[in-house]
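A.B. asks: Okay, handing you the structure first.
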Amino acid sequence: MYSYLLPEFTVKRLEDRCIRCRVCERQCANQVHEYDGELDRLFTTEEACVGCQRCVVLCPTNALHVQPRTADYRPNCSWTRDKLQNLKKQAETGGVVLTGSGNDRPYRIYWDHLVLNASQVTNPSIDPLREPMELKTFLGKKPDTLQVTYDNDGLPRLESGLHPNVPISTPLVFSAMSLGAISYPAYKSLATAAREFGTLFNTGEGGLPAHMREEFGVSAIVQCASGRFGVDPEYLNSARIIEIKIGQGAKPGIGGHLPGEKVSADIARTRMIPQGTDALSPAPQHDIYSIEDLSMLIYALKETTNYEKPVSVKIAAVHNVAAIASGIVRAGADIVAIDGIRGGTGAAPLATRDNVGIPMELALAAVDKRLRDEGIRHKCSILAAGGIRCSTDAIKAIALGADAVYIGTAALVAMGCTLCHKCYTGKCNWGICTQNPYLTKRLNPEIATRKLVNLLKSWSHEIQELLGGMGINAIESLRGNRDHLRGVGLEAWELDVLGVKGAGE
């Protein structure tokens, strides 16, 4: 069937610069470039281009330019280019339109409408280069009260029992990205960087390979998702935190699907499924249909790990997220992870990714307020995910009530991702979201690890600078402190949900 789809990108080749080295042909997994030996010329198939920029970056003579196609449909505010292209895809295939990465629709990004405070005159700022600045964060349930007694020598002794808490050196945690959705070099890079920097990485629902548990378990959050891939007592006890995955911001209410061609022998062994078979995760956890069912699973996991591991519950940010979070805390969870509508994914239906859920900023503010109003905020830590792009987004999330934030897409970009949104094809030219050995070897784990560590280091330094400017010397003093935020260009109902005042108030 002849396709009526317009190419998304235009590939321009400067013939006077091209030296026929054919690097572009070898580097493109989508077969955009093809060399004709008889004519001694390279030709392009623009319909196949996904705009990943791999050929542009590696062209030794800068002969290539890839840019969005300017020739378009007739302008129409209702029938936009995206709508027309997707209609044509469905007419040609009869299938659901898939996509990868996070929501790129022009919804309001609240981080860009929130500004931070700074100390002036009466409340002096702090120089983080010369004075102590504490970013250490403890994830887990905190006690209602502390009971202290004193021995005969006058030394204090803590009588209260403490729940397990996990300290991290910075309030930045790598999001759930499973082995299978991303390549082994990418997966190992995240694990290595987290261990080196003193923070955590999330294994995703694909499990933690047995040979990595001793070395990287100390930095791992392991997931117990609806497919239960790789879940056994050894897996659970190897980690620092156990996370029950209920939902995901990019596709609330939908399960997962890892195609069989991505299930290699190593991935099959880790997930405990036959090699080459599709790894299907049901939409719901079939043993959880109530808060009581969730509580049973939480305490089953705590029993399995001798009550030594905090248990987290991850949910998508949906309309009644505050009430759901309250139930989760009362069910016994130590951590609540909230994933907003801009959260990333390896594959999701386009209709779901772009239309289901709510922004994480609003969900986070609503959850923090609900838990405080009910007097149970101290009974859990909150991890915020879904659209954290930079250190200022992270610090604003903490001011809205988060204890720490998940970063996923930002970490992928640090490793080389260019957000082409084609993660689901398995043809990632940067070796990140693929299991093709020819492509995965393009990602050097040592270099990727160094870039991830540098990312954590630079964000942490920026957070310290911002804290110092506010006159705060410990990150916990900012948590939920919305007096340090003001809204710009927001409506009254938005300010009310966020719990912040307008600029100038």
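Glycine is no exception: its Cβ is also placed from the backbone N, Cα and C atoms.
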A.B. asks: Can you pick which of C52, C59, C77 TrEMBL lists for the same [4Fe-4S] cluster 1 site as C18, C21, C24?
C.D. replies: C59
A.B. asks: Which one, C28, C224, is listed by TrEMBL in the same [4Fe-4S] cluster 2 site as C49, C52, C55?
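C.D. replies: When TrEMBL describes the [4Fe-4S] cluster 2 site, the candidate it includes is C28.
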A.B. asks: Out of the binding-site residues listed (C18, C21, C24), which are within 10 Å of C55 ([4Fe-4S] cluster 2 binding site), Cα to Cα?
C.D. replies: C24
A.B. asks: If you draw a 10 Å sphere around the Cβ of C21 ([4Fe-4S] cluster 1 binding site), how many other Cβ atoms fall inside it, taking every protein chain shown into account?
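C.D. replies: Its Cβ has 15 other Cβ atoms within 10 Å.
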A.B. asks: Fewest other Cβ atoms within 10 Å: which of the binding-site residues C18, C52 wins that one? Let me know.
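C.D. replies: Result for the binding-site residues C18, C52: minimum number of other Cβ atoms within 10 Å at C18.
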A.B. asks: Between the Cα atoms of C21 ([4Fe-4S] cluster 1 binding site) and C28 ([4Fe-4S] cluster 2 binding site), what distance do you get, rounded to the nearest Å?
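C.D. replies: Cα-Cα, rounded: 14 Å.
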A.B. asks: Taking the centroid of the Cβ atoms of C18, C21, C24, C59 as the [4Fe-4S] cluster 1 site, which other residues of that chain lie with their Cβ within 8 Å of it, listed in sequence order?
C.D. replies: R13, I19, R20, R22, V23, L42, C55, P60, T61, A63, L64
